[in-house]
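Only one structure is covered here, and it is reproduced in the block below.
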Amino acid sequence: MKVTIVGAGNVGATCADAIAYRRIASEIVLVDIREGFAEGKALDITQTQTTLGFNTKVVGSTNDYTKTAGSDVVVITSGIPRKPGMTREELIGINAGIVKSVAENLLQHSPNAIFVIVSNPMDTMTYLAFKSLGLPKNRIIGMGGTLDSSRFKTYLSLALDKPANDISGMVIGGHGDTTMIPLTRLASYNGVPVSQFLSEDALAKVAADTMVGGATLTGLLGTSAWYAPGASVSYLVDAILNDQKKMIPCSVYLEGEYGQSDICIGVPCIIGKNGVEQIVDINLNDAEKALFAKSADAVRSMNNDLGSHLA
Ligand SMILES: NC(=O)c1ccc[n+]([C@@H]2O[C@H](COP(=O)([O-])OP(=O)(O)OC[C@H]3O[C@@H](n4cnc5c(N)ncnc54)[C@H](O)[C@@H]3O)[C@@H](O)[C@H]2O)c1
């Protein structure tokens, strides 16, 4: 099983490291535009083989896509972060250009690959990839809900003072501070609704902390996080390559599901060897439905900033 990751920066390299160490794929190709950078990251990861006990082949490439040929899964993390003074439209314009050209190069060399989009604004970049590649919707998956859900479960575990792996919970909607929807009503501790253990105020704080989860880390680190994002991508890639049929919230193209069409946004999906194998339509209550519709409006307004990139 071969995985290509474009963008050997913080998230891309951490994802490669996790996929290698967890033996999810037999070969990983890291690609970056910075001369020698991906080769360096690949060599560094390779030099952990004997101490960590894995044999995954990790190869680096400076923009040579021939090395990516025949990948089963391709992950796009290339892009730039928003800089001071830069408008949202400017950021979308720059990252859209990068994501579109990278996606086209990848498709040329790996015509059967499943695409995982990580670059921000992720829902909009996933929509762009879907519209420009012309692939069936099951092969274009935006990663954001995996990360947001792991942050949600972390904050629930801290509030409950119980092990994180005994907690179940999902975040749907857009992958943004104001657009994500932590489903507190459906979260559970070993099958028991968390509302039996936490007050409404405590649950509201968990939801609020989850929503600013990324911004909190950016404030602490001075740049956006990478361990949890990289691990989240590896979790999604594992579900695809090992046909796990896991239910994972992912940004996917909707055609009427959740009352929305012509948009990529986070909804629960069954993920397996074909990528998105099913979109799970869960029963949201009226308040959750209203939040989802508002989130979709915000994502759609960002999609409008794609302008000529959609042509
Ligand atoms: N979806 C999520 O949950 C999530 C989480 C964290 C970060 N992100 C996003 O992921 C992206 C990467 O974040 P990061 O922290 O790794 O950034 P980073 O700056 O550390 O890495 C980005 C890498 O992309 C490379 N790059 C730029 N243009 C390229 C091109 N045309 N071809 C190949 N490589 C190119 C850069 O050289 C750089 O090494 C950002 O857009 C970030 O906002 C998304």
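Cβ from N, Cα, C; glycine included.
If you check TrEMBL, you get these features:
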type: DOMAIN; residues: 1-142; note: domain 'Lactate/malate dehydrogenase N-terminal'
type: BINDING; residues: Gly7, Ala8, Gly9, Asn10, Val11, Gly12, Asp32, Asn95, Val118, Ser119, Asn120; note: NAD(+) binding site
type: BINDING; residues: Arg82, Arg88, Asn120, Arg151; note: substrate binding site
type: DOMAIN; residues: 146-300; note: domain 'Lactate/malate dehydrogenase C-terminal'
type: ACT_SITE; residues: His175; note: active site, proton acceptor
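Annotated features, which come from TrEMBL, shown on the structure.
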residue	record	Cβ contacts under 8 Å, 6 or more apart
Gly7	NAD(+) binding site	Val31, Asp32, Ile76, Thr77, Ser78, Gly79, Val118, Ser119
Gly9	NAD(+) binding site	Asp32, Thr77, Ser78
Val11	NAD(+) binding site	Thr77, Val118, Ser224, Trp226, Pro229, Gly230, Val233
Asn120	NAD(+) binding site	Gly79, Asn95, His175
Arg151	substrate binding site	Val171, Thr210, Gly213, Gly214, Ala228
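Around Arg82 (substrate binding site), taking its Cβ as the centre, 16 other Cβ atoms fall within 10 Å, counting all chains. Asn120 (NAD(+) binding site) falls outside any helix or strand according to DSSP and counts as coil. Secondary structure of the domain 'Lactate/malate dehydrogenase N-terminal' (1-142) per DSSP (helix as H, G, I; strand as E, B; remaining residues coil): 67 helix, 28 strand, 47 coil. For the binding-site residues Asp32, Val118, counting C-beta atoms within 10 A of each C-beta gives the highest total at Val118.
Proximity to ligand 1 (Cβ under 6 Å from any of its atoms) holds for these binding-site residues out of Asp32, Arg82, Arg151: Asp32. The maximal spread of the NAD(+) binding site, taken as the longest Cα to Cα distance among Gly7, Ala8, Gly9, Asn10, Val11, Gly12, Asp32, Asn95, Val118, Ser119, Asn120, is 17 Å. Confidence in the domain 'Lactate/malate dehydrogenase C-terminal' (146-300), given as mean pLDDT, stands at 97.
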